[in-house]
Amino acid sequence: MTIRLYDTSARQIRDFTPLLPGCVSIYLCGATVQAAPHIGHIRSGLNFDIMRRWFEYRGYDVTFIRNVTDIDDKIIAKSADHGRPWWAIGYENERAFNDGYDVLGCLPPTYEPRATGHITEMVEMMRTLIERGHAYEADGNVYFDVRSFPEYLQLSNQELDNLLQPSGEGETGKRDPRDFAMWKAAKPGEPTWETPWGRGRPGWHLECSAMAHKYLGSAFDIHGGGLDLIFPHHENEIAQAKAFGDEFARYWVHNAWVTMSGEKMSKSLGNSVLVSEMVKQWRPIVLRYYLGTPHYRSMIEYSEEALREAESAFARIEGFVQRVVEKAGGVVEPSPEVPPAFAEAMDDDLGVPQALAIVHTTVRQGNSALAADDKEAAVARLAEVRAMLGVLGLDPLDPQWAGEGDRGEDLHGVVDTLVRMVLDQREAARARKDWATADAIRDQLNQSGLVIEDSPQGPRWTLGPR
């Protein structure tokens, strides 16, 4: 079946046809590194990580670009407020973002370009746009003339004359208030670079147009980002790139937000939850399940209850995996192919919720096989489950999740040794028919957050939902 994606520019789901057979090129608007990431920031990277994994499963060679905006009004403002170099703030938060992507199992991008490393490409794009009458210089600033580009606002389906005029932000010399800055003239205390129009720094929109062209050429398959980027950022990217002569992106894919009390999670609103804090409270694989399993175009309303539900749901999957591994006496390799129903769901606009339902159905079938002592059927179901979880980045047997944190594997071994000692005491009590003591030990372990299951191979323990 052909992969189908919702294309924002077409406002409908379209069959995906790659520019080059067997290859997929993706540009994802990455982090503006003025602060450490909250889970809303990371959701976008995680959604497109699942997209990438699915294309790779389907046999495509994927080139995945995720940029870093390391110079920006907010970074400069924070530099002034905190008395720290702008580049130090950017680098510190870039590392925090990469830590967030890594801890939640996102594959590294093919390239991760920084805006400040591509000033030459930006200057060349501005020079061409000025020569073609699409941009102009005024008081050291370079603006894009939106009326020179008739296709402007087609992505967001707006009319230019109905567009609210921006407040201005101190910009001077504009021909039209809706023209946007490609280059900002130097101001005291700000970082600057030399250009034919004087020293200054790049505008946000120019950065992405130039970097997409540098790494993916004049045309590429998919441009991604959050819904909030459709206007003005992606509209302005399109205007610059197409006026420059690029075909630019052929599909536009946007993910929905994480919300809190119905509002988009945002540091400025004070309703954000940092990834670094979340992983202290929740296992990273549970966070990935929580953020990655809703459909990418559906909002996620943040709540502790929803996280606990995700934890319980994943525990059912993980428990099945552990039981079959014990039954099989070793690791069961994933199937080379996922079940057809799972593939059909993923091909249909990355239908992760429907695909996940197939995972849970297969887990139930596997549990029934275990209950019937049908080892062969249980192993076959686990192989299918591992194949599906691998596509979603949720296979608990993947080395990515071994330990889940600093020294996690060592810690698990220590805890296992201690719990086994207690379970041995419980087994001794059961052998003496001292049921009261055996039950008391089990209850104490349960109160500690452990689930004890008695099996023909002896007792085993797992972490229970909180």
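Quick reminder: no glycine exception, Cβ is built from N, Cα and C everywhere.
For reference, Swiss-Prot has these:
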BINDING   CYS29, CYS208, HIS233, GLU237  Zn(2+) binding site
BINDING   LYS267  ATP binding site
MOTIF     31-41  motif ''HIGH' region'
MOTIF     264-268  motif ''KMSKS' region'
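Panel annotation: around the motif ''HIGH' region' (31-41), residues 68-70, 72, 74-75, 78, 89-94, 96-97, 100, 204, 257-258, 264-267, 272-276, 278, 287, 291, 302 of the same chain, lying at least six beyond its termini, place a Cβ under 8 Å from a Cβ of the stretch.
Same-chain residues lying 6+ beyond the ends of the motif ''KMSKS' region' (264-268) with a Cβ under 8 Å from its Cβ atoms: 35, 38-40, 228, 257-258, 302.
For the motif ''HIGH' region' (31-41), the DSSP-based tally of helix, strand and coil residues reads 3 helix, 3 strand, 5 coil. Listed in chain order, the residues near the Zn(2+) site other than CYS29, CYS208, HIS233, GLU237 are TRP204, HIS205, GLU207, SER209, HIS223, GLY225, LEU229, HIS234, ASN236, each with its Cβ within 8 Å of the site Cβ centroid. Separation of the C-alpha atoms of CYS208 (Zn(2+) binding site) and LYS267 (ATP binding site): 23 Å, rounded to the nearest whole number. A straight line from the CA of CYS29 (Zn(2+) binding site) to the CA of LYS267 (ATP binding site) spans 18 Å. Listed binding-site residues: CYS29, CYS208; maximum Cβ neighbour count within 10 Å falls on CYS208. A strand conformation is recorded for CYS29 (Zn(2+) binding site) in the three-state DSSP classification.
The Cβ of HIS233 (Zn(2+) binding site) lies under 8 Å from the Cβ of CYS29, TRP204, HIS205, CYS208, GLY225, each on the same chain and at least six residues away in sequence. The Cβ of GLU237 (Zn(2+) binding site) lies under 8 Å from the Cβ of HIS205, CYS208, SER209, ALA212, HIS223, PHE248, each of these being in the same chain and 6 or more residues away along the sequence. Per DSSP, the motif ''KMSKS' region' (264-268) is made up of 2 helix, 1 strand, 2 coil.
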